[in-house]
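Report on the structure given below.
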Amino acid sequence: MTAPLTTAEIRERYLYFFETKGHLRLPSHSTIAPDPTTLFTVAGMQPFKENFMGAPAVFDGQPSKRVTTAQKCVRVGDIENVGRTRRHLSLFEMMGNFSFGDYFKRDAIHWAWEFLTGPEWMGMDKDKMYVTVYKDDDEAFGYWTQDIGLPAEHIHRFDADENFWPANAPLEGPNGPCGPCSEIYYDRGENYGDDTWGDYYQTRESARFLEVWNLVFPQYDRQDLDASGQPVLKDLPFKNIDTGMGLERVASVVQDVPDFYSNDVFKPIVERVAELSGKPYEGETSVSHRVVAEHIRSVSMIVADGTAFSNTGRGYTARKIMRRAIRHGYMLGLREPQLYRLVELVVDSMGGAYPELQHNQSRVEASVRAEEEQFLKTLEGGIKRLGGLLSGMEKGSTLVGKDAFELYDTYGFPVDLTKEIAEEYGVSVDEAGYAESLEHAQEIARAGSKYGKSELFGGHQEALDGLPATQFVGYDQTSGDGQVLALLSGGERLSHLPAGSEATVVLSQTPFYGEGGGEVGDTGRLEWDGGAGIVRDTQKTKQGVFLHDVLVEQGELKEGTRVRGVVSPERAAIQRHHTATHLLHAALRAVLGGGVQQKGSRVAADQLRFDFSHGAAMSAEEIAQVETLVSRWVSANFPVSWREMPIAEAKAAGATALFGEKYGDVVRVVRVEGDVDFGGHAVSSMELCGGAHVSRTGDIGAFVIVSDENVAAGVRRIEALAGEQATAWLRGRLNASAKAAALLNTSPEGLEERVSGLQGQLKAAEKETAQARRQLAEAQMGGGGSAAQTRELGGFKVASLKLSGIEGNELRGAADKLLDQSGADLVVIASDKGLVVKATKDAVAKGAHAGQLVSKLAAAGGGKGGGRPDMAQAGITDAAGALGALDTAF
């Protein structure tokens with residue numbers, strides 16, 4: 001029996017298939033969104049939004065109107081369903097093929113059908129395929145029925161709520177690219193339900209009919225409704241294609257498993273969860289197994305991409321996902337950090353496609369473990385809080401739902417665990433009240449998710465009514481006094497906060513900077529008579545109210561209390577990085593040209609990150625020029641000043657404003673009081689900015705760019721360090737250079753020459769070794785490949801040969817030579833270090849698939865592998881075993 005394709009093989013086949021259709025294969029974009037309107041990348045097309053609007057389709061210097069990707073996506077709008085159903089995921093892989101003004105509906109439909117049903121690709125049963133189309137899209141309906149031959153009864157026509165992307169965009173928006181879509185479904189059979197395709201038309205729900213692919217035809221630019229309330233859809237400059245095939249969905253069909261958690265990626269993780277917890281994957285606890293498995297995969301990818309657990313933005317969402325996993329691990333009996341041990345399994349299954357997982361495995365494991373250690377302590381605090389509530393209640397009474405939700409929202413306490421402990425006291429839980437509070441919080445989260453980044457402290461809108469804007473005194477000082485105006489939790493005003501509790505605190509004035517303009521919010525301490533607390537984060541509302549996330553360490557904090565705020569010493573490092581960001585921006589415009597526009601930034605104590613528009617990677621010379629310009633500003637020790645002025649005056653003075661950013665009538669302008677020279681031209685820095693900065697450029701200290709990478713079409717990302725962080729990084733490089741020089745018996749100054757000489761020697765040795773291996777292979781092959789065994793298998797002429805001491809390129813070269821000399825349709829060459837299968841074009845056209853064959857043979861040879869229809873390879877340890885499986889592999 002043929003082994004089902006692995007998820008990795010399905011991914012590779014998809015990308016290779018579209019490469020054969022003239023598509024440029026691009027790597028996945030980071031889970032960090034390429035634009036500031038969303039926290040995470042939520043769709044395969046997101047990195048290409050500008051291309052859909054007409055921007056040149058050039059990627060790292062390669063022009064291509066056809067692109068294919070495997071995109072890692074994060075969606076958390078319905079995270080509470082993850083694990084409770086077997087289809088919801090917070091992280092999923094979206095396979096996509098895209099056209100920017102090239103092919104359109106006909107090709108998109110034909111190629112999707114070919115890939116799904118073609119025997120050399122996915123081989124799905126054509127009779128089990130069903131589709132939906134937009135009710136007015138006769139063009140797509142015609143292609144499905146007339147070109148493909150799909151019976152009309154296998155097609156449903158739906159309105160814009162179902163078959164338009166974004167859903168119901170004509171009436172509800174958002175503005176921008178949109179168009180009708182056609183969804184492809186697969187009938188999994190009566191084992192998954194006795195409903196029919198006709199039933200699906202009425203219910204829109206089915207476990208039996210699984211959507212596997214959505215073909216979107218973005219051809220319109222949605223505008224505001226006209227005066228009569230009718231949709232306005234203008235034609236885009238050209239018609240586009242945006243498709244999304246759910247990799248996990250297709251894998252469940254191809255592998256014939258009942259759900260995502262039974263596929264080859266999730267199953268090992270679920271089994272490991274059962275092993276760590278001692279709880280089998282069955283019954284009610286299976287929900288927790290699935291939550292832990294899914295969330296650890298999601299968090300591993302998010303953290304590997306550079307998001308750190310925090311109380312703001314992406315870090316806050318990552319923390320929510322991680323803490324939900326920890327809660328469910330706790331319900332399985334895991335009282336000590338264990339989930340970090342699962343990261344290795346995620347890397348094993350996905351690291352080949354996403355090498356950032358491999359490169360950052362240690363950091364991910366350390367981050368997950370630290371979060372486990374911290375939150376398990378918080379869970380214990382929740383237990384104490386619940387015990388305090390229950391101890392004063394009579395048997396037969398009911399714990400109010402708001403208190404149950406506070407335990408969940410503040411301490412991450414599962415309501416199931418709350419109910420279980422309450423029963424020991426003879427107390428029930430108001431589940432309806434809990435559900436009401438939870439739904440209220442979810443509505444706020446969904447609203448923020450739909451339109452962009454939600455505020456960390458969402459849910460306080462009503463509670464904030466009537467509060468004045470906070471007076472910020474932190475530009476000139478890092479400590480200051482203020483009065484507590486409000487204590488907020490779960491959208492409600494509190495009268496006091498006891499020790500061990502965490503909530504949002506509003507002060508009359510504050511030295512803590514509220515996150516904005518790319519600069520992270522300040523942390524530090526609050527102190528008052530008889531108490532103290534940790535300020536974990538600071539945010540700011542649009543109305544200018546500063547929100548401090550405070551954990552009370554000792555004493556009790558009450559509304560009206562006078563407090564003293566002390567900003568963390570990290571502020572100095574943040575200021576260095578923020579001013580350095582301004583200088584970096586000015587230097588980039590000088591070196592790369594005025595077309596450079598800021599696309600986003602993050603300024604923190606440990607580093608700065610700067611996203612900007614530029615079509616190609618920077619050269620080493622350009623990076624050096626930028627670093628030199630910044631260093632000139634630092635050496636000159638110019639004053640850094642700021643003042644508020646009308647926006648028209650600021651723009652007239654040449655202040656740089658962020659493209660697309662909305663400003664008020666009066667703006668704050670930060671200026672470096674001195675220019676530096678670049679090629680005979682004076683370069684200056686003056687920007688609209690509300691952030692905190694150093695007082696003189698000399699305070700920045702050392703500056704170094706540590707990376708330059710592509711994050712989206714036409715968008716680059718620089719990461720850089722300033723001050724102590726830069727010095728430490730440079731010292732580490734110098735130490736590494738000294739150690740390397742010592743190992744090579746030279747000085748650091750002579751390291752380049754020494755390495756160059758060794759490389760030359762190595763290349764010469766490799767060349768000699770390769771030549772010797774080729775000669776050895778030719779000797780073993782015999783004249784004209786006479787040593788090979790040739791026979792008919794599965795309608796193909798197959799030549800096979802075992803070689804000794806041959807691997808890598810020489811093994812592939814031997815396969816090429818044997819294919820030329822033997823006249824065979826397929827050749828199979830094996831050694832105890834590798835296996836190669838190659839097929840002629842004619843053989844591939846007749847259904848041969850080297851990748852499928854190599855998978856079967858590798859399994860018998862103690863290894864695994866895969867590849868394209870015409871060429872595939874594997875690592876094995878038993879050549880005889882692999883070749884011995886040939887007769888049964890066809």
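The backbone N, Cα and C atoms fix where each Cβ goes, glycine too.
Here's what Swiss-Prot has on this protein:
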| type | residues | note |
| --- | --- | --- |
| BINDING | HIS578, HIS582, CYS689, HIS693 | Zn(2+) binding site |
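Known features from Swiss-Prot, placed on the structure.
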residue : record              : Cβ neighbours (10 Å)
HIS578  : Zn(2+) binding site : 26
HIS582  : Zn(2+) binding site : 26
CYS689  : Zn(2+) binding site : 25
HIS693  : Zn(2+) binding site : 25
Relative to the mean position of the Cβ atoms of HIS578, HIS582, CYS689, HIS693, the recorded Zn(2+) site, which additional same-chain residues have Cβ within 8 Å?
-> GLU519, GLN575, THR579, THR581, VAL603, VAL640, VAL670, GLU687, GLY691, ALA692
